[in-house]
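**Student:** Please see the structure below; I have some questions.
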Amino acid sequence: MSPAAERAPRRWLAAGRASRRLVLVVVFVALLLDNMLLTVVVPIVPTFLYTTEYEGTNHSVAPARAEPAPPASKAPPFSSMFSYFDNTTVTVSGSTSAVDLVNGTESSRPPQPPTSSPPLLSGCPEGEEFLAKENIRVGLLFASKALVQLMVNPAVGLLTNRTGYHIPMFIGFVIMFLSTVMFAFSGTYTLLFIARALQGIGSSFSSVAGLGMLASVYTDDFERGNAMGIALGGLALGVLIGAPFGSVMYEFVGKSSPFLVLAFLALLDGALQLCILQPSKISPESTKGTPVFTLLRDPYILVAAGALCFSNMGVAMLEPTLPIWMMQTMCSPKWQLGMAFLPASVSYLIGTNLFGILANKMGRWLCSLIGMAVVGISLLCVPLAKNIYGLIGPNGGLGFAIGMVDSSMMPIMGYLVDLRHTSVYGNVYAIADVAFCMGFAIGPSTGGAIVRAIGFPWLMIIIGVVNIAYAPLCWYLRNPPAKEEKIAILSQECPMRTKSYTTQKTLRDFPLTDDSDVEADNAE
């Protein structure tokens, strides 16, 4: 092999590590796998627990009750069968002889009772009380991931400021792989709970480091918005594929199959990270980032974080409660429990990619305001559905609106740090991830209890009204003020030119260079 051919892979790796697009690919794949694992369990866990715990218990009791049947086989035909299977509709009097049973009118009755078939024909699961309790258990299991992620996020934000983004990103891959394998081979509620909590740790490392890495390599606000939209497209694609993929694989292949496929994809992602990123490289930020508590005192960051939290809380409440509600009211088979989320996932994918560009032109605050209002209206329409087809419209509108909010708020978080604080992004995207986690922690954990107390329709009404009431607060993000020292820096460097906000007019009041007025006029 020629020396030029031997140097070609090295040149490719060097070019890859310097390419912003390949960094975007790594973050895209990481978010894709994280959210596939997030949603693939949604249709599997309720039916798996019902099958293993409720039906398994009943099947173990049924043979004990059937033991007295064999002695009755010595009696004349049909007499024991009627008295055992349907003692309410067929009455055999004590004076009826065996000959009468064979030759009389009783023998004309069918041996199989009609009352045993309706539950099988209807397809509705039995055990209403078990399903009501399962709402709470499934909700807590789903919320465990977000609760753990909520606690780990601040520490990951500090870690990224000290070591850079490469090491936390790779740690997230390792933990996600272990969690996926554990899901594949867990057979009890306790093991599933531990696997879900472990996923929260890995997701915290991947999401905070990944979004911070994107914000650091895409310094222009317009490019950053487009990159965030593409990265959130990976999140949307994971949500899109996860639930339908999990329900179909669980129905026709088995419980472990979807998780083993995800584990294989995670290994590919780890290999990609080793090639493109540098997990052994420690590259702390040259500038000390703004502390988390200082960012939490910023009202504009809190408004943006609240929009992320409440808009995602709606779909977080749907994940544990909608499949069980469909089992109770629509008698849906297993594959439909995951396919019900398909319209929301497709529309979310469209919304994040579409408004990653449009939001910069029409105003990100306006996209967020409209998106939260549509989220609330869509949630109010979910209980009106009578079958799976009635869920297409509400779930489609819900996913599209959440895509509007997410693709607008993620760049706003980075912009607010640039405008009002130090341009180090680990902590602010830790706050953004905390907002997501609060939605996915409070939603499932309280949703199951609310459904059991007042019903599924009232749960949708409550969270829908909350989103509609919160939407007007996005107006405050229309023109966030900059701090004076940041205005001086932005006037000298001019790293961003946005049409979403009118900060350029503010910059004209502080002409620190000879051509700053000319640049402001050109921006207009």
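Yeah, the Cβs are placed from backbone N, Cα and C, and that goes for glycine too.
Annotations per TrEMBL:
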type     : residues : note
DOMAIN   : 23-482   : domain 'Major facilitator superfamily (MFS) profile'
REGION   : 101-124  : region 'Disordered'
TRANSMEM : 21-45    : transmembrane segment
TRANSMEM : 138-159  : transmembrane segment
TRANSMEM : 171-195  : transmembrane segment
TRANSMEM : 201-218  : transmembrane segment
TRANSMEM : 230-253  : transmembrane segment
TRANSMEM : 259-279  : transmembrane segment
TRANSMEM : 300-318  : transmembrane segment
TRANSMEM : 338-358  : transmembrane segment
TRANSMEM : 365-385  : transmembrane segment
TRANSMEM : 397-417  : transmembrane segment
TRANSMEM : 424-443  : transmembrane segment
TRANSMEM : 455-477  : transmembrane segment
**Student:** Excluding the flanking five residues on each side, which residues at least 6 beyond the ends of the transmembrane segment (21-45) place their CB within less than 8 Å of a CB in that stretch?
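**Tutor:** For the transmembrane segment (21-45), the list is 138, 141-142, 145, 169, 172-173, 176, 179-180, 183, 192, 196, 199, 202-203, 206-207, 210-211, 213-214, 217, 227, 230-239, 241-243, 245-247, 250, 255, 258-259, 262, 265-266, 268-269, 272-273, 276-277, 319-320, 323, 334-335, 337-338, 341, 345.
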**Student:** Grab the pLDDT values for the domain 'Major facilitator superfamily (MFS) profile' (23-482) and give me their mean, rounded.
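**Tutor:** Here the predicted model's pLDDT, averaged over the domain 'Major facilitator superfamily (MFS) profile' (23-482), is 77.
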**Student:** Examine the transmembrane segment (201-218) against the transmembrane segment (138-159) and state whether at least 3 Cβ pairs sit under 8 A, considering only residue pairs 6 or more apart.
**Tutor:** yes
**Student:** For the transmembrane segment (455-477), name the stretch out of 171-195, 230-253, 300-318, 365-385, 397-417 with the most CB-CB pairs under 8 Å.
**Tutor:** 365-385
**Student:** Near the transmembrane segment (365-385), which residues from the same chain, at least 6 beyond its ends, have a CB less than 8 A from one of its CBs?
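**Tutor:** For the transmembrane segment (365-385), the nonlocal Cβ contacts are 307, 310-311, 314, 318, 322, 351, 355, 358-359, 391, 393-395, 397-398, 400-405, 407-409, 412, 456-457, 460-461, 463-468, 470-472, 474-478, 500.
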**Student:** Residues of the same chain, at least six outside the transmembrane segment (230-253), with any C-beta under 8 angstroms of its C-beta?
**Tutor:** 24, 27-44, 47-48, 210-211, 214, 261, 333-342, 344-346, 348-349, 351-353, 356, 399, 403, 406-407, 410
**Student:** Same chain only, please: residues at least 6 beyond the ends of the transmembrane segment (171-195) with a C-beta under 8 Å from a C-beta of the stretch. Say none if there are none.
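**Tutor:** Cβ under 8 Å, 6 or more out: 30, 33-34, 37, 41, 45, 49, 52-53, 137, 140-141, 144, 201-207, 209, 255-256, 259-260, 262-263, 266-267, 269-270, 273.
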**Student:** Sort out the residues at least 6 away from either end of the transmembrane segment (300-318), same chain, that have Cβ-Cβ distances under 8 Å to it, and list them.
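**Tutor:** Contacts of the transmembrane segment (300-318) (Cβ under 8 Å, skipping residues fewer than 6 from its ends): 142, 146, 341, 344, 368, 371-372, 375-376, 378-379, 382, 398-399, 401-402, 405-406, 409, 412-413, 416, 420, 428, 431-432, 434-436, 438-440, 442-444, 446-447, 459-460, 463-464, 466-467, 470, 473-474, 476-477, 480.
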